[in-house]
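Participant: Quick one: the structure is below, questions incoming.
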Amino acid sequence: MAAPKPEEISHPPMDQLQGLEYCIDSNPSWGEAIALGFQHYILALGTAVMIPSFLVPLMGGTDDDKVRVVQTLLFVEGINTLLQTLFGTRLPTVIGGSYAFMVPIISIIHDASLMNIEDNHVRFINTMRAVQGALIVASSIQIILGYSQIWAVCSRFFSPLGMVPVIALVGFGMFDRGFPVVGRCVEIGVPMLILFIAFSQYLKNFQLKQLPILERFALLISITVIWAYAHLLTASGAYKHRPELTQLNCRTDKANLISSAPWIKIPYPLQWGAPTFDAGHAFGMMAAVLVSLIESTGAYKAASRLASATPPPAHVLSRGIGWQGIGILLNGLFGTLTGSTVSAENVGLLGSTRVGSRRVIQISAGFMIFFSILGKFGALFASIPLTIFAAVYCVLFGLVASVGLSFLQFTNMNSMRNLFIVGVALFLGLSVPEYFREYTAKALHGPAHTRGGWFNDFLNTIFFSSPTVALIVAVFLDNTLDYKDSSRDRGMPWWVKFRTFKGDSRNEEFYTLPFNLNRFFPPS
């Protein structure tokens, strides 16, 4: 038998991911685009409900307060997503709430001056205003780094090799929001996971009027089926005598969102009152803004690949970070109880549906704004058990992580140097945050525990984030270990043409601003 030729056992690197039905600037029919946009909106609900559901009770808030925060968060998410897709990176990314802000916000909640307030409602309002003030001040970090193009300069130190652990851990770093949450109600979570994989992968060739309906709408169909099944279990009294925690994770009537939601309510800036400002709170929040910046950088790179676009040039990436800073400013003004980052699960859905269209994401932003105003209808969808979302995360976060690993095709993985950098950055990116999480769970405070609360918040927030630890380790090692002789091994000859807007002719097609705005903001 003849030895196989080299081209038969290797695959040539590809600038753009193949196999997508619609790329960033090609659009499905209006009917299909609206249905896909609604699917992205449903997926975004998971984080939008999860963060307020955890934080509002800690602040002394009621179910009414929780619903109002969820509605406000969705409203601002819709505005931020529109701004980002129109004027930011222009990639098909949903800008959602971020878990990176949990550490400094919990620190503000436990501030002695706020904890001493006896009236729960007054404590909730005062805590909300303190969080708003910290977000407003901290947003200046991303606004300055983005619009001054400082982040574009920093991104010149990134190589395909250095980005692999960062993008991979945008997905893998979310492992604790996957099966550990599914395990809280396996009778709903596991069927959801199996059904979603079956529809999106094994039955993807099933077509109705030449539309692969099961692949394209696997999320909507499987959520509808499992939600109905969960409602049936709830109505039949299956959880009547089960522990409170099981009921909270399994029942469809435990969120108390529908009964608490108003029919119509338009969120507006400063609706909780004037924000209050504290230097310590703001400094801790700045760490979360930096983490959000790094996580979003990885997510933008992943989204560009899943939208079949070229990697965003440095100035486009920096422009997107600037607009994301504006988004965090809006979070602070409206009072959403968290900052903004790219929604990794929605990036994963681009790959699952094989539709990377920008228009679909803009339609989903319209749904966010519409249903946040029509409270009862939005609350109906938001009452989907979080276990169902966690099952979908198991697939979508994994998909985002694998996109990060796909950047290895542009590097030399027969190089011991490269193997060392990728391995160490990936391992420490998982291991360091896990240590911080375990330490915090036992000691009820992070490993950084000095008299300076702002310093503790800053360090604990940075090292709670897997992509941030990976970026620190990978970029440092990549730019200090034999870097002069390893340009080709790191993938720089491929990467360099995408650094500038005019470096590749396709950049203009993907990243030019609308309404001829490039006349006023010429690309660099």
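Positions of Cβ are set from backbone N, Cα and C atoms, glycine also.
In TrEMBL, annotation is done automatically, which means it is predicted and not curated.
Per TrEMBL, the features are:
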TRANSMEM  38-57  transmembrane segment
TRANSMEM  93-109  transmembrane segment
TRANSMEM  130-151  transmembrane segment
TRANSMEM  157-175  transmembrane segment
TRANSMEM  182-202  transmembrane segment
TRANSMEM  217-239  transmembrane segment
TRANSMEM  360-382  transmembrane segment
TRANSMEM  388-407  transmembrane segment
TRANSMEM  419-436  transmembrane segment
TRANSMEM  458-477  transmembrane segment
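Each of these features: where is it, how hidden is it, and who are its neighbours?
Facilitator: Within the chain carrying the transmembrane segment (182-202), a Cβ under 8 angstroms from the stretch's Cβ atoms is held by residues 214-215, 218-219, 221-223, 225-226, 229-230, 233, 245-246, 249-250, 352-353, 385, 387-388, 390-392, 394-395, all 6 or more beyond its ends.
When Cβ-Cβ distances below 8 Å are used as the criterion, the transmembrane segment (458-477) is approached by residues 100, 103-104, 157-158, 161-170, 172-173, 283-284, 286-288, 290-291, 294-295, 297-298, 420-422, 424-426, 428-430, 432-433, 436-437, 440, 446-448 of the same chain, each at least six residues removed from its ends.
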Participant: Take the C-beta pairs under 8 A between the transmembrane segment (130-151) and each of 93-109, 157-175, 360-382, 419-436. Which stretch has the highest count?
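Facilitator: Most Cβ pairs under 8 Å with the transmembrane segment (130-151) come from 93-109.
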Participant: Below 8 Å between Cβ atoms, which of the listed ranges 38-57, 217-239, 419-436 makes the most pairs with the transmembrane segment (360-382)?
Facilitator: 38-57
Participant: Hey, which of 38-57, 217-239, 419-436 has the most Cβ-Cβ pairs under 8 Å against the transmembrane segment (93-109)?
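Facilitator: Per the Cβ under 8 Å count, 38-57.
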